[in-house]
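Peer 1: Structure provided below as structure tokens; questions to follow.
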Amino acid sequence: MLFFLSNNGYYIAEGVLIMYKNKYINFFLLVSFGYSWFIWGSLYWWTDLPIMAIVILGAFGPSIAGFLTMYRLRGGVGVTHLLRKSIQFQMSWKAYAIPFLLVPFLFLVAYWWTDRSGALLVREPWWIVPYFFYMLILGGTLQEEYGWRGYLLDALQSRLSPLLASLSLGVIWAMWHIPLFFMAGTGQANLSFWAYGLAVMAYTILMTWVYNGSSRNLWSAFLMHMMFNVMLVMVGFEAESGYPIGFIHLTITLWTAAILVIWKTYGKLNYEPLEEMIPSYPSVTQRIREGKE
């Protein structure tokens, strides 16, 4: 029997971590990759749809997988839990400051490192607000975060250390994008997969840090994902000799920030097992990691 606890929507029954068993994680990954890769591949090769429409339609895979996994586990209650988890707008000022101040700052550092000519930093600045809402709704945030952070990160953190869970999620997240590197017209088509993958892994660490620090509030992950995409579009990294050196600088900058966060939090990334966050919660996390649940 599974239950909710108060306003946070955390589970308090001993059987809760059944949601993190391997078969459910595998189901989630199968749906995420299967849906997205099939939609991207089939629509790209067999239709004349605009490339952005194809990307948008295929990007729903992780969130669809998140909802299906929660429905399979808990029915409508699980779906409701996932939705509630994403509309908890009351967070600490730090949870808002990091996506809106730190993330742009990291992009500024990478930009200044790449181009000191004084060129316009933000292209078409009047589009910032429209981009903000576009990236929230259709730019990857809603399509992905109900899955990546809504389900998978918690599942991985129940079995691995926060750092290893983040690195694992970063690898999975980067690999999920692979088809986009072979589709002309996508943002990934002109990038090095390895630079992109390393950037995603570093940013995943930062997102885990913010997500855990906000008591696993999915809205914080929405903001982090959205602001990364907004800044990636608005800040121009010019390629040199056909190679996007600006993105390489961004990757190094993100890893510098990630390493500082790892050092500052002793690798815990603000993670607290549910039994520490909630006094009445049964101590089960260690048993899960030891394979006893």
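Cβ coordinates are placed from backbone N, Cα and C, and glycine is handled just like the others.
Below are the features listed in TrEMBL for this protein:
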- 24-45: transmembrane segment (TRANSMEM)
- 51-73: transmembrane segment (TRANSMEM)
- 93-113: transmembrane segment (TRANSMEM)
- 125-142: transmembrane segment (TRANSMEM)
- 126-231: domain 'CAAX prenyl protease 2/Lysostaphin resistance protein A-like' (DOMAIN)
- 163-185: transmembrane segment (TRANSMEM)
- 191-211: transmembrane segment (TRANSMEM)
- 218-237: transmembrane segment (TRANSMEM)
- 243-263: transmembrane segment (TRANSMEM)
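Could you give the neighbours, burial and distances for every feature on this list?
Peer 2: Nonlocal intrachain contacts for the transmembrane segment (24-45), taken as residues 6+ away from its ends with a CB within less than 8 angstroms of a stretch CB, comprise 18, 51, 53-55, 57-62, 64-66, 68-69, 72-73, 147, 151-152, 155-156, 172, 176, 179-180, 183.
For the transmembrane segment (51-73), same-chain residues at least 6 beyond its ends with a Cβ under 8 Å from one of its own Cβ atoms are 18-19, 24, 27-37, 39-40, 43-44, 79, 81-82, 138, 140, 142-148, 150-152, 176, 179-180, 183-186.
Within the chain, the transmembrane segment (93-113) has long-range Cβ neighbours (under 8 A, six or more residues past its boundaries) at 121, 206, 210, 213-214, 217, 220, 223-224, 226-228, 231-232, 235-237, 246, 249-250, 252-254, 257.
Only residues 6 or more beyond the boundaries of the transmembrane segment (163-185), in the same chain, are considered here, and those with a CB under 8 A from a CB of the stretch are 29, 32-33, 36-37, 40-41, 44, 51-52, 54-55, 58, 61-62, 148, 152-153, 156-157, 191, 193, 196-197, 200-205, 207-208, 262, 267, 269.
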Peer 1: Please spell out the DSSP helix, strand and coil residue counts for the domain 'CAAX prenyl protease 2/Lysostaphin resistance protein A-like' (126-231).
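Peer 2: For that range the per-state counts are 84 helix, 0 strand, 22 coil.
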Peer 1: Pairs 6 or more apart in sequence, C-beta under 8 angstroms, 3 or more of them: is that satisfied by the transmembrane segment (125-142) and the transmembrane segment (218-237)?
Peer 2: yes
Peer 1: For the domain 'CAAX prenyl protease 2/Lysostaphin resistance protein A-like' (126-231), report the average pLDDT of the model, please.
Peer 2: 92
